[in-house]
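Colleague: Pasting a structure here, questions to come.
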Amino acid sequence: MLYRVSGFYKRHTRNFTNIDYGYYIRNFIHHIASKIYPYAKVVLPNFRAAHYFYILTLVILGSILVYPVKTCAYIDVLFFTAGASTQAGLNTVNVNDLSLYQQIVLYLLATLATPIFIHGSLLFVRLYYFERHFDNIKERSLMDYRMRKSATLARLGSAPTMSSTRLNTFNNQVLGFQEREAEKGSSSSPQSSSSQTSQPVSTAYNDQGGNDIEHHSEPSDSDDDESGNGPVTFQEKIHFEEPQRPRSQRRHSRTDSGIKFSALPHPRRRKSIDPEDMYRSINMLQEHKKNQEAKSKGIQFLNIGSPVRRKSRSSNIEAFPEEDTNPSRDDEITPATNSVGTGNNDEDEDDILIIKPPIEIENSDGANPIFTKKKKLASQIQFKETPGKAKKWITTKKRKHYNPWTSKLKKTLSNSSKKGSLSVVPTDTEDDSEDEEYASIDSETSDISDNEHAADNAEGSDVDSVGSYEEDEDEDEHNSDDDDDDDDGEGERRLGNGASLTKAQSHLVLPSKDETGGKKYTKRSNTLDTPQQNTSDGRKIRKKAPKRKTPRTQRNASFNQHSNVSIGDGSIENVDTNDSYQRLSRTMSGNYLSWTPTVGRNSTFIKLTDEQKEELGGIEYRAVKLLIKIIVVYYVGFNIIPGVMLSIWIYCMPHYKNLMISSSISPAWWAFFTSQSSFNDLGLTLTSNSMMSFNQNAFVQILCSFLIVIGNTGFPILLRFIIWVMFKTARPLSLYKESLGFLLDHPRRCFTLLFPSVPTWWLFFILVVLNGFDLVIFCILDLHDDTFKGVDMGYRVLNGLFQAFCTRTVGFSVMDLSQLHAATQVSYLIMMYISVLPIAISVRRTNVYEEQSLGVYAKENAEGVDESAPSNYVGSHLRNQLSYDLWYICLGLFIICIAEGKRLKEQDLRFSIFAVLFEIVSAYGTVGMSMGYPGVDCSLSGEFNVISKLVIIAMMIRGRHRGLPYTIDRAIMLPNAAMKRHDRLQEEHAINRHNTMERTTTLGRVATFGNGPIDGGNNLLTRAITNIEHRLRNRRDGRSESSTVSEDPRYVVRTVSEV
């Protein structure tokens, strides 16, 4: 019985503790929302309508809560609650005359109506919809994170600095030297050296990251040795430690030692070249030069032949059979050749180690070794003493016919997928007979290498230094045009001592992704930023940066779209691909996606699959969840901490404490109310003269200035700075860092008041300029005014700065505004009007659906896009804002002038039309600054009648909605079918925009200058194809356009001056 009771208690206790309260809360909210939604959809169709409803609700509800105390008339109560709900801050009655209860209600209304609170609440709504309408989004996002982290750790743990091909080449090199050691260490017949079993080789290598990573290569197939003693297995363990060359390599790097590889599996692409072969040869050449004798007549160095495509054999060299599995091949080598004890080093140095390809090893019967030896040919690449004038290697270039147009077109046609929107796909039927002439004599077959790339590699190297590749890359970057124009058939380079160097050709083709899991590289076509890679001997290899620089607006609008152009039949076919990553607009700050995104302007993701959309939705969900925590801490912290600071300060200052007590104000309540009014931009104070009592106190003015900035205009700046600091201090590869990286890269997909880096810097610059302008005007016109008698000069400047901060947001007054210079008053009037524009324009220009919000929708065909469309829409936003504002201000001024006609006829200087306009603009800008009126402790609005007060209330409510985002804004939309439709439209618009910018940029560069185009002929094929498109379009549309014929008669290009 006791056992049953215990089990029942444990079962129910476990069920109680495992209750998902969030699930029940979401169900409850969903139940209520499903009942209200059909009616709310009609009344509140968009975010702006919902915002109006929320503000009006707070105004009316607040008036209901405040009025029962009956300390003032209802119109004044309504005026107070409207000012608190809109942060206008105008008052018709002294705030200190209200009861504490009424002050607390105003305090809460201001806290619940700030932009930070309202826009932050949208994050909770979006988070609810994420969890409610996407099944298991939390679990899926966590699984995606673990997958990305595991993949990243696996990639970091598998030596990312060495590709599979490079590692395979290095291993085979070690095999050759190991066999050499076996031959040298044997004192018996040559057959005894071949019968020894090879031991595992351990080689040291230095990894830049300092990771001690151990890698085990795959064991080769078991092959019997020549004596039949058993299989030979080669397993290598590479420890990343201090870089050093193998002992055998250091000991036997002589003039005639060499390694030769048979044909490896060929990728399905045109031949490319790995610079490692050439640089290894140069390195071994330098090692040899240190040990050579003074009277040596010639130098020979190692030439590593790379795999080639074709199976034909060279007609002018001795070829070794590719499928030779006869084990007696080694027997053809005389004993004198392999003998160590004979001392015949010349004969011994004529052996070449040939490693068979994996396919040949797999197809063999297992009785043959994986490597054989043969006599090295006498036609090895070497230095020869040739008469003639000494010339430099790099600077001397042999030229034939230099034609910039022909050379650039040839380079464009020979390179695959150059950075740009057009790429030429090379065919296997191209005839490169000119390159056959310079094929490597050590190659097993007679494949044709890309001679142009080999020449560039040779010209970009320096023989005299081992680690000079990085410097030569920089030099080649600046002189790339000259290098490309050199004759590809040039076979010799000259040294300073008069010796000529025959080029070392390499035919190594990197494996394709399908065969070996590696990446495809070509020297000139790869434009994706990749990490630096190291060769097997410790040298770094860097990828070239793209030579063409594009404007920021073009880079932001770019995405991956390649056009495969077939020149043979004259057809032009545009093909969109998702596998190429050449036109990325930006890189990811964190490892938050398992794929490389294609991003257009304003964080528009292009060409996403369903799986990618799910992964993107998961990281966006976690980013929103993290952002909620940051904003909650930010908002609560800056509402409480400054109040505590002011409380400590005022209790430590007896003068100000007694001032509060004499005015029947609690010092602690003053501290919290003032800090909250500053941070929430309310503008109301418990003291009757606003902040004039503190015009000679730096602490209050500086602290309140900081709160005023970070609570309004400076909020996006400080928020992004906080996220950036958190990102920099976050633990690598953590879920926390991924979410922060997504917020930094794509902030407007998550939050309306968080902007990208460039708009944030612009906002900071505008903030500094506007406040600096107000301070300068004040110092010029009012610094020495009689109003500031008795105030030190330093405090006068501080007062001017404090008033500049208050002018555009909170509306505090540290001086009598009516006594200032007229020009200063006008400048303050202008600043109050433009107070919301920096935030409003930043919100709208960073909108993901910016074009759609302005009515610029994507066309079905790219030809319908207007090429003269602007790259940004700041002018459109400003025009919309002016059309939204001006008529309402004019209408309000007209109504008040009618209602206050009698007072205006009295010609009272403190009740003039300018003073009324100043009050209207202050209410419409939700600032709360007023010229005041003599004898009263409130704003000028206290002298208005009921109609004028209602107009001011309407101005407050209308002006509070100036800075709202457009109706079509992704950050305020719920993840539903409407959002998917807008995403699809924005994607189409981004594609058409990219095509338009490509055409515009191309046409803007084609004006001829001298003997060729201004850009030196870059992107010539793109221009030619673009011209064909324009000519065909003009012919179809029946339009005639003037064209400019360049000096090359084969191309007709348009000249566009206004781009």
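Residue numbers in this text run from 1 along the chain shown.
A Cβ is built for glycine as well, from the same backbone N, Cα and C atoms used for every other residue.
Reproduced below are the annotations present in Swiss-Prot:
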COMPBIAS  186-203  compositional bias 'Low complexity'
COMPBIAS  236-245  compositional bias 'Basic and acidic residues'
COMPBIAS  335-344  compositional bias 'Polar residues'
COMPBIAS  412-423  compositional bias 'Low complexity'
COMPBIAS  428-449  compositional bias 'Acidic residues'
COMPBIAS  469-490  compositional bias 'Acidic residues'
COMPBIAS  524-536  compositional bias 'Polar residues'
COMPBIAS  540-552  compositional bias 'Basic residues'
COMPBIAS  556-566  compositional bias 'Polar residues'
INTRAMEM  74-90  intramembrane segment
INTRAMEM  669-685  intramembrane segment
INTRAMEM  797-813  intramembrane segment
INTRAMEM  913-931  intramembrane segment
TOPO_DOM  1-46  topological domain 'Cytoplasmic'
TOPO_DOM  68-73  topological domain 'Extracellular'
TOPO_DOM  91-99  topological domain 'Extracellular'
TOPO_DOM  123-625  topological domain 'Cytoplasmic'
TOPO_DOM  686-696  topological domain 'Extracellular'
TOPO_DOM  714-757  topological domain 'Cytoplasmic'
TOPO_DOM  782-796  topological domain 'Extracellular'
TOPO_DOM  814-820  topological domain 'Extracellular'
TOPO_DOM  845-877  topological domain 'Cytoplasmic'
TOPO_DOM  900-912  topological domain 'Extracellular'
TOPO_DOM  932-945  topological domain 'Extracellular'
TOPO_DOM  969-1059  topological domain 'Cytoplasmic'
TRANSMEM  47-67  transmembrane segment
TRANSMEM  100-122  transmembrane segment
TRANSMEM  626-649  transmembrane segment
TRANSMEM  697-713  transmembrane segment
TRANSMEM  758-781  transmembrane segment
TRANSMEM  821-844  transmembrane segment
TRANSMEM  878-899  transmembrane segment
TRANSMEM  946-968  transmembrane segment
Colleague: So how many of the residues in the topological domain 'Extracellular' (814-820) end up helix, strand or coil by DSSP?
Modeller: 3 helix, 0 strand, 4 coil
Colleague: Between 100-122, 626-649, 821-844, 878-899, who has the most Cβ pairs under 8 Å to the transmembrane segment (946-968)?
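Modeller: The listed stretch sharing the most Cβ pairs with the transmembrane segment (946-968) is 878-899.
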Colleague: Given a Cβ distance threshold of under 8 angstroms, which distant residues of the chain, six or more beyond its ends, lie next to the topological domain 'Extracellular' (900-912)?
Modeller: 818, 931-934, 940, 943-945, 948
Colleague: On the 0 to 100 scale, where does the mean pLDDT of the topological domain 'Extracellular' (686-696) fall?
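Modeller: Mean pLDDT for the topological domain 'Extracellular' (686-696): 92.
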Colleague: What residues elsewhere in the chain lie close to the topological domain 'Extracellular' (782-796), defined as a C-beta under 8 angstroms and at least 6 residues from its ends?
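Modeller: Same-chain contacts beyond the ends: 695-696, 698, 815-816, 819-821, 824.
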Colleague: Who are the long-range neighbours of the topological domain 'Extracellular' (91-99) in its own chain, taking Cβ under 8 Å and residues 6 or more past its ends?
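Modeller: Tertiary neighbours of the topological domain 'Extracellular' (91-99) are 69, 71-72, 75-76, 79-80, 83, 106, 663-665, 684-688, 937-939, 941-942, 944, 949.
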Colleague: What same-chain residues lie close to the topological domain 'Extracellular' (686-696): Cβ under 8 Å, and 6 or more beyond its ends?
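Modeller: Residues 94-96, 103, 656, 659, 663, 665, 669-670, 673-674, 704, 791-792, 795, 799, 802, 812-816, 937.
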Colleague: State the residues, same chain only, that lie 6 or more residues beyond the ends of the topological domain 'Extracellular' (932-945) and have a CB under 8 A from a CB inside it; answer 'none' if no residue qualifies.
Modeller: 79, 90-94, 688-689, 813, 816-818, 896, 899-900, 903, 910-911, 915-916, 918-919, 923, 952
